[in-house]
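What Swiss-Prot annotates here:
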{"type": "BINDING", "residues": "GLY12, MET13, SER14, GLY15, GLY16, VAL17, ASP18, SER19, MET38, GLY127", "note": "ATP binding site"}
{"type": "DISULFID", "residues": "CYS103-CYS200", "note": "disulfide bond"}
{"type": "ACT_SITE", "residues": "CYS103", "note": "active site, nucleophile"}
{"type": "SITE", "residues": "HIS128", "note": "site 'Interaction with tRNA'"}
{"type": "ACT_SITE", "residues": "CYS200", "note": "active site, cysteine persulfide intermediate"}
{"type": "SITE", "residues": "GLN348", "note": "site 'Interaction with tRNA'"}
Amino acid sequence: MADNSHTRVVVGMSGGVDSSVTALLLKRQGYDVVGVFMKNWDDTDENGVCTATEDYKDVAKVASKIGIPYYSVNFEKEYWDRVFKYFIAEYKKGRTPNPDVICNKEIKFKAFIEYANQLGADYVATGHYADVKRDENGRMHLMRAKDQHKDQTYFLSQLDYKQLDKVMFPLAGYTKPEIRKIAEEAGLATADKKDSVGICFIGEDGHFREFLSQYIPAQPGNMETLDGKVVGQHMGLMYYTIGQRRGLGLGGNKESNEPWFVIGKDMKKNVLYVGQGYENSHLYATHLEASDIHWVDDVVSRYGRDFHCTAKFRYRQTDVGVTVHLSDDDQMVTVEFDDPARAITPGQAVVFYDGEECLGSAIIDRAYSHDRQLQYV
């Protein structure tokens, strides 16, 4: 076994089971492991307990158990400036952002790496389910994890090969049940801790509307069909996303008992467009346009500006076949679908894959059905 004792790995520890086992596995492999808890948001739960404080206590328990030093670093300002302001700005435009993608790019793999360097890190590691592979030229590639259900390359798709050069993903070859078993057998305090869900600054109780209304004044308005018939009232366009069914408060009517879905928004008129039926044609797009393009490595030299690959438009979606057309100035990408795709949502990431490799992503701006732009924002 290689002597890893002179290689320092700084592990981002959240107080969850995945990052706990990440630190444990690296310690067992003989690395000089240091744990760091990132405090990105000042939050209290419904009992007035700061959830970050509770998570940090779990980090302390795990670090003490496996015998590694640990620190806490406060990234609240960086998170506010680089992630949260973006999140609010996108909602103001009527879009549905994915803050996890931006948080990984700006905080967990930028601010955190800079901090880890101050601790003398040779590498950083996180509990993400993903993998990295170095090619013959020494360039890093982002690869899917073994556990396809947990694979998180979707959220890591705006990283580049330089950021990945110093990154380890020790959970790449494990499934979630295996990770829980390792934690249990090692007696880690986080072994049975449930996975965190939702956005970190909203928490798991899901009071999304209440939270968002603190930052953006809600403007109620009409819910209409595309032919202008008013069928209800919306609470504020920012609360709805394309393809949404729940929370509309609309039942069937004499023409149809099919459920209603959000099929569009008009920000200028403050109208939420709704239509009946899961297969409603207004939910299906033939292509999209996206910007804010980030490739893990230079795709143009590998594939050219026009190429076929697969893509996801949301986390845990099955890959679909697409043809990518990259503009000459690299500012815009047009993505044509092999088959019409449902509920393409502006503000979300479209993430590109070649087999097991994640090539990168872009942020969706517009969706089209043939030549007609869908009324999505």
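For all residues, glycine too, the Cβ spot is worked out from N, Cα and C.
For ASP18 (ATP binding site), the nearest neighbour among the listed recorded positions (CYS103, HIS128, GLN348), judged by C-alpha distance, is HIS128. Packing around MET38 (ATP binding site) is summarised by its Cβ count: 24 other Cβ atoms lie within 10 angstroms of its Cβ, all protein chains included. When the C-alpha distances from SER14 (ATP binding site) to the recorded positions CYS103, HIS128, GLN348 are tabulated, the minimum falls on HIS128. If you measure from the Cα atom of HIS128 (site 'Interaction with tRNA') to that of GLY12 (ATP binding site), you get 10 Å. Cβ neighbours within 10 Å of ASP18 (ATP binding site), excluding its own Cβ and spanning all shown chains: 25. Shown in sequence order, ASP55, ASP58, GLY127, THR190, LYS193, ASP195, SER196 are the residues of the chain, 6+ apart in sequence, with a C-beta less than 8 angstroms from the C-beta of GLY16 (ATP binding site).
The binding residues for ATP are recorded as GLY12, MET13, SER14, GLY15, GLY16, VAL17, ASP18, SER19, MET38, GLY127; their greatest pairwise CA distance is 15 Å. DSSP gives CYS103 (disulfide bond) a helix state. DSSP classifies ASP18 (ATP binding site) as helix under the three-state reduction.
On the backbone, the CA of GLY12 (ATP binding site) and the CA of GLN348 (site 'Interaction with tRNA') stand 25 Å apart. For the pair formed by CYS103 (disulfide bond) and GLN348 (site 'Interaction with tRNA'), distance between Cα atoms is given as 14 Å, rounded to the nearest Å. Each residue contributes its Cα atom, and for MET38 (ATP binding site) and GLN348 (site 'Interaction with tRNA') these two points are 25 Å apart. Following the DSSP three-state reduction, the secondary structure of GLY12 (ATP binding site) is strand.
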